[in-house]
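Beneath this line is the structure, given in structure tokens, with notes to follow.
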Amino acid sequence: MVLWLKDQDKLSDMSTGTERIEMKKEGVPPAYHHSNGSVHPVILPDSPEEVPQTPGEYELTEVTSLPDCGDQENERPDMVVLDCRANAKGQREEDALLENASQSNESDDTSTDQSPVPPAPLKETSFSIGLQVLIPFLLAGFGTVAAGMVLDIVQHWTVFTEVTEVFILVPALLGLKGNLEMTLASRLSTAANIGQMDTAKDMWKMIMGNLALIQVQATVVGFLASIAAVIFGWIPEGNFRMGHAILLCASSVATAFIASLALGLIMIGVIIASRKVGINPDNVATPIAASLGDLITLSLLAGISTGLYKELEFNNYANPMVCAFFVALTPIWVLIARRIPSTREVLYSGWEPVIIAMAISSVGGLILDKTVSNPNFAGMAVFTPVINGVGGNLVAVQASRISTYLHMNALPIVEPNPAPRKCPTPWGTFFGSGVNSRSAKVLFLLVAPGHLVFLYTINSMRGGHTTLTYIFIAFYLAAALLQVIILLYLADWMVNWMWRRGMDPDNFSIPYLTALGDLLGTGFLALCFHILWLIGDRDTDVGD
């Protein structure tokens, strides 16, 4: 906190601190108090009656010039509280706005204070949140429907029937939109909202650093996902074929690399356009990331794996060369990502959530492999991307919004003496008075109508092998609602828990949440199909 006194000799009459400023003189109440370190210049009034007595936000006038000192001995010194706010790392920075518009900045070398002052948080109602989320949500949903139609078709292709481990790759690679693209969208949305992309130079630095970062992550995650698929495919029966293992590796790495590059470019365009038209990027970026993410990734996986499978008969070197080519590009992306401070930290510390999320999604892939491989449950393929995608999209929006809320309100990342905090209750998550509770209710209310629209679309396009009976729709909606309730509650707890421990939720929370969405969605859907089979709700066209 920076103080300026007209009479510096009277500084002993003042008591200063990081949390409050008050006069020691008797009868003068605190002039201004802000617990988050984000305050604006204010002159303490001469009369105590002019001081606001109730907490809240007040309209304050910035001081750009100061009056000359008088010769009167009894004149009370005027005190100017100069601008003090938290930077992107939660550390405080001080700006002294003096006469002639001179400015002095004190911050660490990671400060982003050179950009214009970030805009104030948007005041959002439930209606405005729903209006902004609805269209991207529907676009994302239709994208997952298209992905489901593709999976329903390609499940009968030779590569999927001969190398069934490819099914294990499906949730892991589709989950890349949560591990990488949605994390990228959340990270850039937060940066845009807090003013870190207001200048062209800062914007290009963020773009280049983040694109290089996701290419590194995509290559590594794609490689690890193929290893997980080989292990999960080998454990049940003990069969291992080197040719199939290299095929899985080449297909996974190539798909992850190309899909991440294409989706990353789309995300950057969406976020920049959202800011220009005055839309909160948190509401539109993550759903649009998923609207094309599943379709592009699944189409690439099917096409690349089919082409490489055909090469096994004629060329034993094609698959290893493809895998080696994309892996060899990794050092280049590492060098680019290291040059940008905002991505350097993620490059070193952001691997844990990505790798763990990939492992969680691979477990969901194992469930999908064992279920779809059974002809009695082949109808599950078309619905898996839909239920997983919708749940992941909604929880990614909520996590991104909570993270932006914490950043924009300058809440301390690490409290010096954190008080024990109980886990949030489901009632508080959905029926609290804050904007995050309102958004949770809006997102939950979109689940049932959205899934009904998507189910009708699949049925109209004659997709899948399952007749939409009333009992099937009831079980399907129950699974979808339960999945989203769990995910939204976990988002409320996880984002705040990570924030209090100094972890940036933009980088850590969304991979876990979308991976859990894949696991819960696939598990609940498989359970529904098994229950329906047991109670006799079976189709004569299953597997046709």
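Along the chain as shown, the residues are counted starting at 1.
A Cβ is built for glycine as well, from the same backbone N, Cα and C atoms used for every other residue.
Among the features that Swiss-Prot reports, region 'Disordered' is placed at 28-55 (among others).
The region 'Disordered' feature in Swiss-Prot is assigned to 92-121 (among others).
Same-chain neighbours of the transmembrane segment (133-153): 170, 174, 283-284, 287-295, 297-299, 302, 381-386, 388-390, 393-394, 397, 442-443, 446, 450, 453-454, 457-458, 461, 463-465, counting only residues six or more beyond its ends whose CB sits under 8 Å from a CB of the stretch. According to Swiss-Prot, the feature transmembrane segment maps to 133-153 (among others), an assignment based on sequence analysis.
Packing against the transmembrane segment (156-176) from elsewhere in the chain are residues 147, 218, 221-222, 225-226, 228-230, 232-233, 244, 247-248, 251-252, 255-256, 259-260, 293-294, 297-298, 301-302, 305-306, 309, 357-358, 361-362, 364-366, 368-369, 372-373, 384-385, 388-389, 392, 511, 514-515, 518, 522: each is 6 or more residues past its ends and has a CB under 8 Å from a CB in it. Annotated transmembrane segment per Swiss-Prot: 156-176 (among others), in sequence order, evidence recorded as sequence analysis.
As annotated by Swiss-Prot, transmembrane segment applies to 216-236 (among others). When Cβ-Cβ distances below 8 Å are used as the criterion, the transmembrane segment (216-236) is approached by residues 164-166, 168-169, 172-173, 176, 179-180, 244-245, 248-249, 251-257, 259-261, 323, 326-327, 329-330, 333-334, 337, 347, 350-351, 354-355, 358-359, 362-363, 365-366, 369-370 of the same chain, each at least six residues removed from its ends.
What Swiss-Prot records for 253-273 (among others) is transmembrane segment. Sequence-distant contacts of the transmembrane segment (253-273) (same chain, at least 6 residues past either end, Cβ-Cβ under 8 Å): 173, 176-177, 180-181, 184-185, 188-189, 192, 197, 203, 207, 210-211, 214-215, 217-219, 221-223, 225-226, 281, 284-285, 288-289, 292-293, 296-297, 300-301, 304-305, 322-323, 326-327, 329.
Here Swiss-Prot flags 284-304 (among others) as transmembrane segment.
The feature transmembrane segment is assigned by Swiss-Prot to 317-337 (among others). When Cβ-Cβ distances below 8 Å are used as the criterion, the transmembrane segment (317-337) is approached by residues 208-209, 212-213, 215-216, 219-220, 222-223, 243, 246-247, 249-250, 253-254, 257, 308, 311, 343-344, 347 of the same chain, each at least six residues removed from its ends.
Listed by sequence, the residues of this chain that lie at least six past the ends of the transmembrane segment (347-367) yet keep a Cβ under 8 A from its Cβ atoms are 167-172, 174-175, 178-180, 213, 216-217, 220-221, 224-225, 228-229, 232, 334, 337-338, 388, 507-509, 511-512, 514-516, 518-519, 521-523, 526. For 347-367 (among others), the entry in Swiss-Prot reads transmembrane segment, with the evidence type sequence analysis.
Residues annotated as transmembrane segment in Swiss-Prot, with sequence analysis given as evidence: 377-397 (among others). If one looks beyond the transmembrane segment (377-397) by at least 6 residues along the same chain, the residues whose Cβ comes under 8 Å of a Cβ in the stretch are 133, 137, 140-141, 143-145, 147-149, 151-152, 155, 170-171, 174-175, 177-178, 182, 185-186, 282-283, 286-287, 289-290, 294, 298, 364, 368, 371, 439, 443-444, 446-447, 450-451, 454, 458, 463-466, 476, 479-480, 483-484, 487-488, 490-491, 510, 513-514, 517-518, 520-522, 524-526, 529-530, 533, 539, 542-543.
Feature annotation from Swiss-Prot assigns transmembrane segment to 441-461 (among others); the stated evidence is sequence analysis. For the transmembrane segment (441-461), the residues of the chain that approach it from at least six positions outside its boundaries are 126, 129-130, 133-134, 137-138, 141-142, 144-145, 148-149, 382-383, 386-387, 390, 394, 397-398, 430-431, 468, 473, 476-477, 480-481, 484-485, 488, judged by C-beta separation under 8 angstroms.
Per Swiss-Prot, the feature transmembrane segment maps to 471-491 (among others).
Here Swiss-Prot flags 515-535 (among others) as transmembrane segment, drawing on sequence analysis. Within its own chain, the transmembrane segment (515-535) is flanked in space by residues 171, 174-175, 178-179, 356-358, 360-361, 363-365, 367-368, 371, 376-377, 379-380, 383-384, 387-388, 391-392, 395, 471-472, 475-476, 478-480, 482-483, 486-487, 490, which lie at least six positions past its ends and keep a Cβ under 8 Å from the stretch.
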